[in-house]
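According to TrEMBL, the protein carries these features:
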type: DOMAIN; residues: 67-392; note: domain 'SAM-dependent MTase RsmB/NOP-type'
type: BINDING; residues: Cys168, Ala169, Ala170, Pro171, Gly172, Gly173, Lys174, Asp192, Asp219, Asp249; note: S-adenosyl-L-methionine binding site
type: ACT_SITE; residues: Cys299; note: active site, nucleophile
Amino acid sequence: MKQQFKGLCVPVLEHPKLQDILLIPVIGPRRDLKKHASEVIVGAQCGYAVLRGAHVYVPGIVSTSRFVKAGDLVSVYSDIEGKCKRGAKEFDGVKVFLGNGISELSRSEIFSSSGQLKGLGIRMIEPVYLSPSFDNVLPSHLFLQNLPSVVVSHILNPQPGEKILDMCAAPGGKTTHLAALMHDQGEVIAMDKIANKIKKIKQNAELLQLNCIKAFCYDGTKALSVEKREDKQEGPPFLPESFDRILLDAPCSGMGQRPNMVYSSTLKEVTSYQPLQRKLFTVAVELLKPGGVLVYSTCTITLSENEEQVAWALKTFPCLQLHPQEPHIGGEGMKGAGLSLDQLKLLQRFDPSAVTLRGMDINSLQGSREDDLISLANKDCIGFFIAKFIKSNS
């Protein structure tokens with residue numbers, strides 16, 4: 001990290017409530033960066049990655065200035081509306097400054113007609129947000145995750161020897177965390193209906209040397225078996241009451257993701273998630289053993305996908321009870337879904353817009369207390385929602 005930050009010493013903090021979590025402050029936005037005449041325009045997804053510490057790879061480059069050569073200093077911008085034409089020599093549309101870098105290739109090489117190039121295109125040397133890159137840094141020991149995504153696994157609190165289901169598991173961050181919390185003892189079943197994502201879960205499990213994870217390409221809405229299974233069948237569908245604990249990190253509208261350069265979903269697409277979430281939830285309740293724990297979470301901020309789903313679940317499934325969450329780092333639930341104040345206190349909502357956040361420059365970092373940095377990390381995160389249910393024995 002000192003090499004990446006040119007000798008600057010950035011603290012690595014241990015979270016007081018989550019001892020397996022390290023927090024690293026991000027410096028920015030840096031407002032004193034000089035912009036260069038040569039420009040490179042990248043797509044919104046590439047821009048998102050650059051803001052989180054990545055360099056620019058060739059497939060993410062949409063256009064460059066006319067005479068860009070290898071070794072040139074360039075300013076990098078994100079085309080957030082997707083209106084820049086590939087190979088354009090200038091762009092006057094809406095763009096966001098991401099920082100400065102050094103071009104690894106010439107314009108003619110980037111837009112070569114011989115085929116799509118891969119590899120590094122721009123090496124970022126002055127990003128607007130100074131965030132360390134963890135490419136190939138202790139890959140079998142460290143896994144990058146947003147703080148609320150880590151909190152979810154602790155709230156489910158899997159125990160060694162239990163059988164756990166991660167219903168919508170890709171890319172496997174929570175899956176591997178659950179397995180680690182269980183000390184790799186027991187069984188973690190991971191499901192996702194996209195084959196390439198299952199491959200990624202298996203790769204992450206292998207990289208972190210976790211053996212208790214079994215990943216299956218399967219639609220979670222069809223994971224409940226109505227017929228008797230063969231004794232040797234490991235994968236879905238499963239018989240009722242097969243799991244000690246279930247994590248339903250449901251497909252959602254994703255409005256809590258940060259940084260987010262663009263949001264392209266239509267109103268119809270946003271409203272399509274609630275019925276899907278209810279189908280998955282219904283299957284989860286059937287698959288959970290009496291006395292078991294079900295954790296429902298989303299990375300969105302809408303009432304309809306969060307608190308309204310909790311109210312629906314409590315009304316539809318009398319066997320479910322809301323349960324306190326530990327640790328409780330986020331805020332309470334949002335009013336408007338008919339839940340009582342006591343019920344809202346049992347929910348956990350991470351909402352960065354609820355607090356005023358200031359930028360972190362080098363001087364303020366050096367002058368900050370550790371407690372203040374941890375408090376900032378607890379608030380300056382993605383938008384996220386968590387509810388914990390216990391299934392009664394009766």
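Positions of Cβ are set from backbone N, Cα and C atoms, glycine also.
The structure, with features from TrEMBL marked on it.
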{"residue": "Cys168", "record": "S-adenosyl-L-methionine binding site", "CB count, 10 Å": "21"}
{"residue": "Ala170", "record": "S-adenosyl-L-methionine binding site", "CB count, 10 Å": "23"}
{"residue": "Gly172", "record": "S-adenosyl-L-methionine binding site", "CB count, 10 Å": "29"}
{"residue": "Lys174", "record": "S-adenosyl-L-methionine binding site", "CB count, 10 Å": "24"}
{"residue": "Asp219", "record": "S-adenosyl-L-methionine binding site", "CB count, 10 Å": "15"}
{"residue": "Cys299", "record": "active site, nucleophile", "CB count, 10 Å": "23"}
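Residue pair Lys174 (S-adenosyl-L-methionine binding site) / Cys299 (active site, nucleophile) shows a Cα separation of 13 Å. As a whole number, the greatest separation of Cα atoms within the S-adenosyl-L-methionine-binding residue list Cys168, Ala169, Ala170, Pro171, Gly172, Gly173, Lys174, Asp192, Asp219, Asp249 is 19 Å. In this structure, the C-alpha atom of Cys299 (active site, nucleophile) lies 20 angstrom from that of Asp219 (S-adenosyl-L-methionine binding site).
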